[in-house]
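For reference, Swiss-Prot has these:
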BINDING   Asp21, Ile22, Asn23, Arg36, His59, Phe60, Gly61, Arg62, Arg118, Arg151  substrate binding site
BINDING   Lys201, Glu323, Gly353, Gly354, Asp355, Thr356  ATP binding site
Amino acid sequence: MGWKTLDDMDLQGKSVLTRVDINVPMEDGKVTDDTRIRRLVPTISDLLSKGAKPVLLAHFGRPKGKVVPEMSLQPLVPALEAAFGAPVMFVADCRGPAAKGAVDALAPGQILLLENTRFYPGEEQNDADLAKEMAALGDIYCNDAFSAAHRAHASTEALARLLPACAGRLMEAELKALEGSLATPERPVTAVVGGAKVSTKLDLLGNLVAKVDTLVIGGGMANTFLAAQGIDVGKSLCEHDMTGTAKDIMARAEAAGCTILLPSDVVVAREFKAGADNETVPADACPADAMILDAGPASVAAISTVFAESKTLIWNGPLGAFEIAPFDIATNTAAQKAAELTKAGQLISVAGGGDTVAALNQAGAAEAFSYISTAGGAFLEWMEGKVLPGVAALQT
């Protein structure tokens, strides 16, 4: 798969329409987590140092094609200026004469932020006319929003086909990390898939069993796989209507030579609360009035052994009810093992998904992972083997 990067473009004096994801959490008009903004610094710095004029295109919230003042991007200007160390101008449109005038007035070293692309219904409809009006504002298109690449919108798909297009530094890093973990990985490859429900990760599981050597299943979905083997899981979270599907996934894994690792022992409790009385029992011995809330120490030891024998790790979803202690132990211990192996240069570790990032941060392991995707839905769709419109539009 080939795409151009900033290195392939002549940027001097050019207006570069740069699609970014600055859909950040805010309270009282202030940004509460600027992670997504900080991850754009390499691209913006590169554009400025090469004499380009960065013109930022972004969405915020779900205004559904109408102008919703509370979803204006203007309040983000101070956070952008702080992160980029450069003046950020703002214009209350993303097309038309006002936007064009603001682009033309941009001085070297300045950045322009256009208004929320979703204020126009044409954005989410991938409207060709809106894309043409956006294209009139720039010379080059740069997509640095992998997290929005699974949506075919005017600013991510149609626009990319109207101007010379390239990937920004964040997009480039994300694509390299994901290609390296799934398309051309160093083997053996292990995937950890956790979380509550099999039903939400069917496509993911189906794609992974054909591509990885070991699939570690944890969280609530492990209970469904245990139930599929005829094991009584008591009052545990379990999708009993999905046991047939779980059996099918196990059969497909066997046919593909993929080993599925399920918990051999589990931590059970009778109440779902922090510090609840709990005990560790074999996976097939959950009391009828108890629920499985975490993988046990023998299971974690088996997972750690698999990690140590692997060269590549893909992680999506926690191994237990990580939000409440002590049912965070399996997730924390396994994450710390992966971090240790990564630091030692023995493992390439890639993780993504909201709960996953929160769990790895809680374990103090996130910093050591080779790559952590902030992309959520786009990360999952890539892992499911789906074509992402925003990436396909950049392909050369």
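The backbone N, Cα and C atoms fix where each Cβ goes, glycine too.
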- request: Just give me the nearest neighbour of Gly61 (substrate binding site) among the binding-site residues Lys201, Glu323, Gly354, Asp355, Thr356, Cα to Cα.
  value: Gly354
- prompt: If you skip the near sequence neighbours and keep only those at least six away, which residues in the chain come within under 8 angstroms of His59 (substrate binding site), Cβ to Cβ?
  reply: Asn23, Asn116, Thr117, Arg118, Glu123, Ala148, His153, Ser155
- request: Go through Asn23, Thr356, our binding-site residues, and report the one whose Cβ sees the most other Cβ atoms within 10 Å.
  value: Thr356
Statement: Same-chain residues at least 6 positions away from Lys201 (ATP binding site) with a Cβ under 8 Å from its Cβ, in sequence order, are Val193, Gly195, Met221, Asn316, Gly317, Leu380
Query: If you skip the near sequence neighbours and keep only those at least six away, which residues in the chain come within under 8 angstroms of Asp21 (substrate binding site), Cβ to Cβ?
result: Arg36, Ala58, Asp144, Ala145, Phe146, Ser147, Ala148
Field: Assigned element (helix, strand, coil) containing Asp355 (ATP binding site), judged by DSSP
entry: helix
- prompt: For Asp355 (ATP binding site), what is the tally of other C-beta atoms lying within 10 angstroms of its C-beta?
  reply: 17
Spatial neighbours of Glu323 (ATP binding site) that are distant in sequence (at least 6 apart) but have CB under 8 A: none
Task: Using a 10 Å cut-off, grab the number of neighbouring Cβ atoms around the Cβ of Arg118 (substrate binding site), all chains included.
output: 26
- request: Rounding to the nearest whole angstrom, report the longest C-alpha distance spanning Asp21, Ile22, Asn23, Arg36, His59, Phe60, Gly61, Arg62, Arg118, Arg151, listed for substrate.
  value: 19
Task: Would you mind pulling the longest C-alpha to C-alpha span across Lys201, Glu323, Gly353, Gly354, Asp355, Thr356, which the record has binding ATP, in angstrom?
output: 20
